[in-house]
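Novice: This is the structure I want to talk about, given as structure tokens.
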Amino acid sequence: MLTYKPKLKIADKRLLFIVCLSVITFFVHLGKAPIYILDEAKNAQCAREMLLNHNWIVPTFNQTLRTDKPPLHYFFMTAAYVVFGVNAFAARFFSAVCGLLIVVATYLFAAKHINKQVGLLSGFILLSSWHFGLEMRMAVPDPYLILLIILALYSIYLFYNSSFTQFKYAFYFYVCIGFGLLAKGPVALLLPVITITTFLLLQKQLTWATIVQFKPWYGIMILISISLPWYYLVDRQTHGLWTSEFLLKHNYHRYISPKEKHGGFFLLTTLYIIVGLLPSSVFIYQTTVHTYKKALINSFIRFVAVGVIVIVVFFSFCSTKLPNYAMPCYPLLSILLANYIDQVLRNNTTIKPYIIALLVIGCAIPIVLYIIIPQQSSLKPLSYTWLPYLLLPTGIAIALYYQYSNTLYKNRFSIYFALFSFMITGWILHLYTYSQVYTLNPVTTGLNTYPVHEPLVSYRLYNPAYNFQLKQPVKRFENVDSLRTYLQMHPESQVVTHSDHLEDLKDLPLVIYFKGDDIFEKHTNYMLKHL
């Protein structure tokens, strides 16, 4: 008893440290960058329309049915809008909360089943990942899905590890899946169920007697009670259109064929993960070997490894490939990476080649920024953006210095310098660079330079950020004749369109008064008005 309290105090300090770092990573300057990226703009505006229309069943964007995603993130965004107002911070607030909860849950899960050092390292690995930090600062449904899948998996292992005696954990598992179905649909059910089924199969426990322990009939009732009412109501109110579009177009068809030119080779998903989890992913091969050996004798490592493999394989077979798809494996993989790094620290294994590899990557990042930023016409005022990123190779160079020293804890110094170099430059990215870059987006720049005082209409494609920033619908036209007729009746209207369709408008009495290139895209946005 005398030794337990100090250990608990130390554990609390570690957790407090993780929470403080998470707050900086996910919350600071959260609303500084405007809502501009396509997915953010549509999600934020959809939630805004849900709040304005007091319609919690049928999601709409620009007053038309939006079938891309279920409503959970819209519900949380509208709640944040009520508290903080309709703005970028509110749209992203609960995504950041999800990020914080994922890191804390992963720390606690790893600390409980391995040790607190692995828990701490797993938190550092997530917080040093630029990709993870960016995703948890965006108004998109993925943070909600990742949190719910991770909590479901953590809960079901706790149930298994209790020898099926603590059903409350199975209850949490079913609740998380139920809300996951409202976050992003069937994938929230498939990934956890495939994971636990595969794990039980490897444990040679996939028997009817084991399945009965999970009380699946209760689970089905929980899933139905949480998710079915909304699915039933939206299906009824849209006469089946939302359901068929969502399940077929946005799930089945997206899985079997590439959508929106987001295809790729089979191993692209693995490549996304390796890049997304830098810097710790430089140890991915050694971690794989280490995990394989440990999984043969350790059921916890086997469960976590199965979770990673299921998610990676599932999205590798998916024809549409995006960097965020496999992100539910990040917390699980961070535990495996942390477990290997913990062994490196204990055994004082040489890691010099991996620190050198990180130094090369660290040197390349400011060089790439120095080259690509001036190539974007709208970003020329930010040509100095690369300078703060010199901290990255500097920190890793110090990590490499320790590898050549005779210091007793040289691996510990090297690992932490590398992780914190990425974490701190990640803060520069999240808190400074991202907002500086996207503040210069053509929508914000155009509206600030030429405020829209008259109704705004669009010809075919346009940037959805106009809706959120103007807080009004944008009437959209698909053919020139209907636009011509409308302009004759409303000559004061202003028109927005993309460069792909500008030529179609050459015979209309319109003059270009603003044009701006999309950031890191090939499109140019045009704003036009009547002569």
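Including glycine, each Cβ sits where the backbone N, Cα and C put it.
Just so you know, TrEMBL annotations are computer predictions that nobody has curated.
Just lifted these from TrEMBL, have a look:
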- 68-231: domain 'Glycosyltransferase RgtA/B/C/D-like' (DOMAIN)
- 15-38: transmembrane segment (TRANSMEM)
- 75-108: transmembrane segment (TRANSMEM)
- 114-132: transmembrane segment (TRANSMEM)
- 144-160: transmembrane segment (TRANSMEM)
- 172-202: transmembrane segment (TRANSMEM)
- 214-233: transmembrane segment (TRANSMEM)
- 265-285: transmembrane segment (TRANSMEM)
- 297-317: transmembrane segment (TRANSMEM)
- 353-373: transmembrane segment (TRANSMEM)
- 385-402: transmembrane segment (TRANSMEM)
- 414-434: transmembrane segment (TRANSMEM)
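Help me see these features in their spatial surroundings.
Specialist: When pLDDT is averaged over the domain 'Glycosyltransferase RgtA/B/C/D-like' (68-231), the result is 97.
When Cβ-Cβ distances below 8 Å are used as the criterion, the transmembrane segment (15-38) is approached by residues 44, 87-93, 96-97, 99-100, 103-104, 107-108, 120, 123-124, 127, 133, 136-139, 423, 426-427, 430-432, 434-435, 438-439, 441, 443-444, 463-465, 468-469, 519 of the same chain, each at least six residues removed from its ends.
Residues 10-11, 14, 17-18, 21-22, 25, 99, 102-104, 106-108, 275-280, 300, 323, 327, 330-331, 334-335, 337-339, 341-342, 345, 416, 419-420, 422-423, 426, 429 of the same chain lie 6 or more positions beyond the ends of the transmembrane segment (114-132) yet place their CB under 8 Å from a CB of it.
If you look at the transmembrane segment (144-160), the same-chain residues 6 or more away from its ends with a CB under 8 A from one of its CBs are 72-73, 76, 94-95, 98, 101-102, 105-106, 109, 113, 135, 166-167, 169-170, 172-173, 176-177, 179-180, 183-184, 187-188, 191-192, 195-196, 199, 214, 300, 303, 307, 327-328, 330-332.
Only residues 6 or more beyond the boundaries of the transmembrane segment (265-285), in the same chain, are considered here, and those with a CB under 8 A from a CB of the stretch are 125, 128-132, 312, 315-318, 321-323, 325-327, 329-330, 333-334, 337-338, 340-341, 344, 354, 357-358, 361, 418-419, 421-422.
With a threshold of 8 Å between CB atoms, the same-chain residues lying at least 6 positions outside the transmembrane segment (297-317) that come near it are 113-114, 153, 157, 160-161, 190-191, 194-195, 198-199, 202-203, 255, 266-270, 273, 291, 325-326, 328-329, 332-333, 335-336, 339.
Residues 278-279, 282-283, 379-380, 382-383, 385-387, 389-390, 392-393, 395-397, 399-400, 403, 414, 418, 421, 425 of the same chain, all 6+ positions outside the transmembrane segment (353-373), place their C-beta atoms under 8 angstroms from a C-beta of that stretch.
Within the chain carrying the transmembrane segment (385-402), a Cβ under 8 angstroms from the stretch's Cβ atoms is held by residues 352, 355-356, 358-359, 362-363, 365-367, 369-370, 373, 379, 410-411, 413-415, 417-418, 420-422, 424-425, 428, 432-433, 436-437, all 6 or more beyond its ends.
With a cut-off of 8 Å between Cβ atoms, the residues of this chain six or more beyond the transmembrane segment (414-434) that come close are 21, 24-25, 28-29, 32-33, 124-125, 127-130, 133-134, 137, 278-280, 341, 344-345, 351, 355, 358, 362, 365, 385, 388-389, 391-392, 394-396, 398-400, 402-403.
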